[in-house]
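Here's what TrEMBL has on this protein:
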- A:Cys429, A:Cys432, A:Cys469, A:Cys472: Zn(2+) 1 binding site (BINDING)
- A:Cys438, A:Cys441, A:Cys456, A:Cys459: Zn(2+) 2 binding site (BINDING)
- A:202-369: domain 'Helicase ATP-binding' (DOMAIN)
Amino acid sequence: MNDTDCVEVLLDVPLQGTFTYRLATPLPVGTRVRVNFGGRELCGVIANGMNGPAPGVKLKPVAEAYTALPPLPGSLLRMAAFAARYYHHPAGAALFTALPTLLRQPRDVAPPDRRPWRLTEAGRLAPPPPRQRARLALWQALAGSPQEDDALRAVSPQAARVLAEWAGQGLAERFDAPREVKAADGLPELTGEQAAAVDAVAASLGRYQAWLLQGVTGSGKTEVYLRLIARVLAEGRQALVVVPEISLTPQLIERFARRFAGARIACLHSHLADGERLEAWVDAWQGRADIVIGTRLSVFTPLPRLALIVVDEEHDASLKQHDGLRYHARDLAVWRAHDAGVPVLLGSATPSLESVANADAGRYRRLALTRRAHAAARLPAVRLIDTRRAELTDGLSAPVVDALSGALARRELSLVYINRRGYAPVLACPQCGWTSGCPHCSARQVVHLQARVLRCHHCGDTEPLPRACPDCGNADIRPLGEGTQRLESALGALLPKARILRIDRDTTARKDAWDAVYRRVSAGEVDILVGTQMLAKGHDFGALSLVVALGCDGGLYSADFRAGERLFSTLMQVAGRAGRAGVAGEVLVQTQWPDHPLYQALARHDFDGYAETLLAERREAGFPPSAHQALVRADAPDGAAAAAFLQGLLALVADDPAVRVFGPAPALMARLAGRERAQLVIECTERARLHAWLSAAEPVLARLGREAGRALRWSIDVDPLEL
DNA sequence: AGCACGCCGACT
DNA sequence: GTCGGCGTGCTC
């Protein structure tokens, strides 16, 4: 068989490599096709390159080529190929995770064409006769100016049919309307630091450069993004903005829409219907959208005129995908910027240590916003309340209650942050020591008093609240510790006049819940917000005078080496909520360890100093970012099987003295949803050798995985965020 | 991941 | 006697 008769096809299967099919007439790389694979019809994508068929395999033909849309662009295929290599994930599966659902299916699809209509030269010269009144009305409307479908339908219900006819006769056509991005007026004046940041990044437009924009809360990072995007749009280019899930709020989108009236902004997030997502994606791909703003998945969106990538809150863990292709959107954004030859701007008040290290090493260039954009706004004063010396009522110390009651008297909004939802983190029997462990996970079931249930926050298992200890029958069982619900009711009892609004995953589950929250807060109907880190991120509640943080000490001495970094980052952000827009703010942190360097650094608002401390610790311990890590995970109903699987892998992968391997050991969450989890931690200071080890492990994993059977699942996680 | 093929229990 | 349970094996 001639080589030209074969193509390599990428398929959405968890198998390494491409598959070879016969093809009568050549198709461009990136074409979506339908093929038969193992007895089922699959969507495939024509790949670059030729592996040739495995010997002795009879090739099947490509059944059909989908042509409603152009072939996928090379830039997307390159990025997916890179992601597959870097994250050690099958190439086909990697590409398909980058596609909208509708393009993964073995069907030819295209979003509806919504471009406006206009008359062609010929159409202009051929007005319909006056007695064809509907046609004449349509013609007259179009002769005046181009028209959208909606407007034409209003002129005549026949519009769709008539226009299709005219299009066929070359009398009318759809066209890409030039967009006029109106310069918004009344722009806030930039601080010197903001202006310097804008100028620096603007000077790098047109080539690759990674920028780390470190700006304290309220310093106006978003304004820097907006100014740069304005420049990009003025050049007729496109910008990509990647934000964490929780930051993609209607507030943010509205701010962009207000600033760039007339521009087409494509929003990509998980709540979009398949058709909407496809349409936004194709609009970006075809250059009809000027700005793409979305969660981690949007990093893959094809953009033919891309000129700038922004990753906001670049430290946020939700930028990392936790299953399938375990990519980090920030890192892929940097790769993409390099590939496309454009600058990438990573913004955060509390950058990840990885990014700090990259800036220290000169790979990223630093920009700092150290002052708040409103001249009057000062950084809040941080006070540490030592709970070893304080009497606690439902977890609240007297200074905290006093401060809240003071703010209440002054009619100022306060925020109480506690990173635990539910009523109490555990139910316990003081007589026999029983605690409410989850039967499926190595975790505690949380007391939810309102729903009268115990619920595991890891697997979702829910059981009715027992009236007595299941072990000894003692009726005096008690909720231990505090969650948002308990705090809400405790505050209600201590400050009966206060209007309290609780915000956590339980209260904001409904779709329009946030609208109600904003309405109530801005109408001044709330005195105290109680909630989890949802309160810390993305949502602006205006002037807060007091922020209280409770129950944070767990992050100080955790088994997870990143816990301190995360806690510091969250506290910096939650503290940053205080004292905006001219109101002097105060932050109270209740802790048993007021002398801990983390809290001391927080009190000084000293991110840089604490980051250096943490980086030194990481260097000492050989942890990231001083070394690179990967995880090989295995889980099975039987823990011994998972460990044996990993042990078997170790026996078959050649040692590299530069690569340190730890394990098999139980994962931090050793048991999850009824499965025992074991893992290998692979560490190396040289990325290339880490990848070489993983590449050697891949085929062995595939084989051992097959032999171990269905009960065992395994995965590779490069640059894991959680161990 | 699917979906086939293939060997053991309760039904027309 | 079949319909169908889901155990393992392969897919260009």
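The backbone N, Cα and C atoms fix where each Cβ goes, glycine too.
Features as recorded by TrEMBL, highlighted on the structure.
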residue  : record                : Cβ contacts under 8 Å, 6 or more apart
A:Cys429 : Zn(2+) 1 binding site : A:Thr435, A:Cys469, A:Asp471, A:Cys472, A:Asn474, A:Asp476, A:Ile477, A:Arg478
A:Cys432 : Zn(2+) 1 binding site : A:Cys469, A:Asp471, A:Cys472, A:Asn474
A:Cys438 : Zn(2+) 2 binding site : A:Arg444, A:Gln445, A:Cys456, A:His458, A:Cys459, A:Asp461
A:Cys441 : Zn(2+) 2 binding site : A:Cys456, A:His458, A:Cys459, A:Asp461, A:Met669, A:Arg671, A:Leu672, A:Ala673, A:Gly674
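Comparing Cβ neighbour counts within 10 Å across the binding-site residues A:Cys456, A:Cys459, A:Cys469, A:Cys472, the minimum falls on A:Cys472. Apart from A:Cys438, A:Cys441, A:Cys456, A:Cys459, the residues listed for Zn(2+) 2, the same chain places the Cβ atoms of A:Pro439, A:His440, A:Ala443, A:Gln445, A:His457, A:His458, A:Gly460, A:Asp461, A:Leu672, A:Ala673 within 8 Å of the centroid of those Cβ atoms.
Within 8 Å of the Cβ centroid of the Zn(2+) 1 site, not counting the listed residues A:Cys429, A:Cys432, A:Cys469, A:Cys472, the chain contributes A:Gln431, A:Gly433, A:Trp434, A:Ala468, A:Pro470, A:Asp471, A:Gly473, A:Asn474, A:Ile477.
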